[in-house]
Amino acid sequence: MEWDSDSEGSGDEEEEEEEEEEEGVEVGGGGDGGVGVGVGGGFALAIEGVLGACGLVVSDALEPDFPIIYVNRGFEDATGYRAEEVLGRNCRFLQCRGPFAKRRHPLVDTTVVTDIRRCLEEGTVFQGDLLNFRKDGSPFMAKLQLTPIYGDDETITHYMGMQFFNDSNVDLGPLSVSTTKEIVRSTLITPDNTIRPSPMGKGFCSEHSDLFLLSDEVLCQKILSRLSPRDIASVNSVCKRLYHLTRNDDLWRMVCQNAWGSEATQVLETVAGTRSLAWGRLARELTTLEAVTWRKLTVGGAVEPSRCNFSACAAGNRVVLFGGEGVNMQPMNDTFVLDLNASKPEWRHINVRSAPPGRWGHTLSCLNGSRLVLFGGCGRQGLLNDVFMLDLDAQQPTWREIPGLAPPVPRSWHSSCTLDGTKLVVSGGCADSGVLLSDTYLLDVTMERPVWREIPASWTPPCRLGHSLSVYDGRKILMFGGLAKSGPLRLRSNDVFTLDLSENKPCWRCITGSGMPGASNPAGVGPPPRLDHVAVSLPGGRILIFGGSVAGLHSASKLYLLDPTEEKPTWRILNVPGRPPRFAWGHSTCVVGGTKAIVLGGQTGEEWTLTELHELSLMFPTLNQKDLELYSWKL
């Protein structure tokens, strides 16, 4: 938080302040726990001044950049700014002359600004005389005191600023405003407080609304950032002002974060090239899916010995492979990593400590960043229900067993996903003697003594294996497909079920299912029943389905899209250019950064060629800066 400042203190001023001490009050740090008010002191203020032209500003010290959360009427009257124009902004805008200026005025004393910053960093009181500017550009001197406000835990939670205003005799000349922004503001305010555009405002906002009285910052941070990407794309065609505002990349990042969640945007930022990619372009391509295409890649290294039925997942931009079924059904326990950020990606065997027992038919999931979690599968001694964690970025990567209490029964070919970067969710699978399961368990691996918790539900989907679990909309889970029990039979399924774990009593809901009594099928052509397919969670909640085992086919290549957040979910088919893989299985495909799916290998008989990859990319290759400047939103 920075305030306009101009330090011109002198001995005469000190004498004047001493004379005022006898009849004034001082607002200062009142010791532990908050603000105190005392009589006298070096910053004495006349009682008449307190009751008169006193500006009061409160800023939130716990938020980045100390945003203003309150201003009083005295501040509004003295500065010409209305509360809605300044809330959410940093106080440094008072250093700029006029509402559209972007830089501190050269007459502002930077040494005083530095002193203010020092006081804020140290949590001490600041007192001084500052040069500020009204909304109309006229200067005034303000006697200012900034006082920290403490919470119950001795943490500074807010800063209170008290200002007393005096006109300044500085001759600054007329206020210059850029032509574009002058036209934006060239409106006449009618008696009923609405806006009537003037003739020179032709082509700009002509709505009779107080909305356009708001500053650009308030419009972006409080209104536009809360819209969906599609809504922002529509808003930018309303007028030139909104068009220019919606070309701001910082606004697009806020829009994406609000629409997709902070976790999704953080994952996107870890992907190579995303930081140099315009968020507006990213929002468009992940919303319209116009850039989806297949690419075939060849990488170096090798995964030896050869195997199948392994499990793979992505940690950032790295693909991690663990275990699998070797020759003669030999369970394997080695770990391989493929770094897609490398100039020449190649498979690399990782020497890890305390490797888990070998297995196949297990699940490997990424919790967050570089931490992986492994569960279940079939080992040398039979089915497993153990949990192991691995931190890829540790100096010496080590598989660490998580001894969870009350674990689910051992299983393989189950499905799992992670929540909040801390919790593992496990559902279904195959138990001893080929019994199919329908239970759902949750484990918080960050607890000192983790305890498995079965999700209670009055009704559960039919028992199944080879299905998929996808997280969307925060803490909601979507289950699709699998080999499900139907009476005495086991049939491939294309059922869709959802579970909201944020509810007090979570319950499964059937969205669609050909085998469910009374279940309604959504509009559009749905995917054929399948198991061991690929499910890709897209930012915004949509789910992409392809591949797997389909009756009469080895692996279906069509892509199906479903948005479970819609009032009436509708299946859509995506026509994707490029050459798709011949095979795509859920256990050997992983989603990297929310922008691409990597399908590992081709298959000839029982041999896997893991140096051949197929990438389903959701974005166009990165454009140069000139192309980015020309890139525009039109949905």
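Every residue, even glycine, has its Cβ placed from backbone N, Cα and C.
If you check Swiss-Prot, you get these features:
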COMPBIAS  1-25  compositional bias 'Acidic residues'
DOMAIN    44-123  domain 'PAS'
DOMAIN    209-255  domain 'F-box'
MOD_RES   C91  S-4a-FMN cysteine
REGION    1-32  region 'Disordered'
REPEAT    371-421  repeat 'Kelch 1'
REPEAT    423-474  repeat 'Kelch 2'
REPEAT    476-530  repeat 'Kelch 3'
REPEAT    542-594  repeat 'Kelch 4'
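Cβ-based neighbour count (10 Å, all protein chains) for C91 (S-4a-FMN cysteine) stands at 24. Over the repeat 'Kelch 2' (423-474) the predicted model carries a mean pLDDT of 93.
Here the repeat 'Kelch 4' (542-594) is broken down by DSSP into helix, strand and coil counts: 3 helix, 19 strand, 31 coil.
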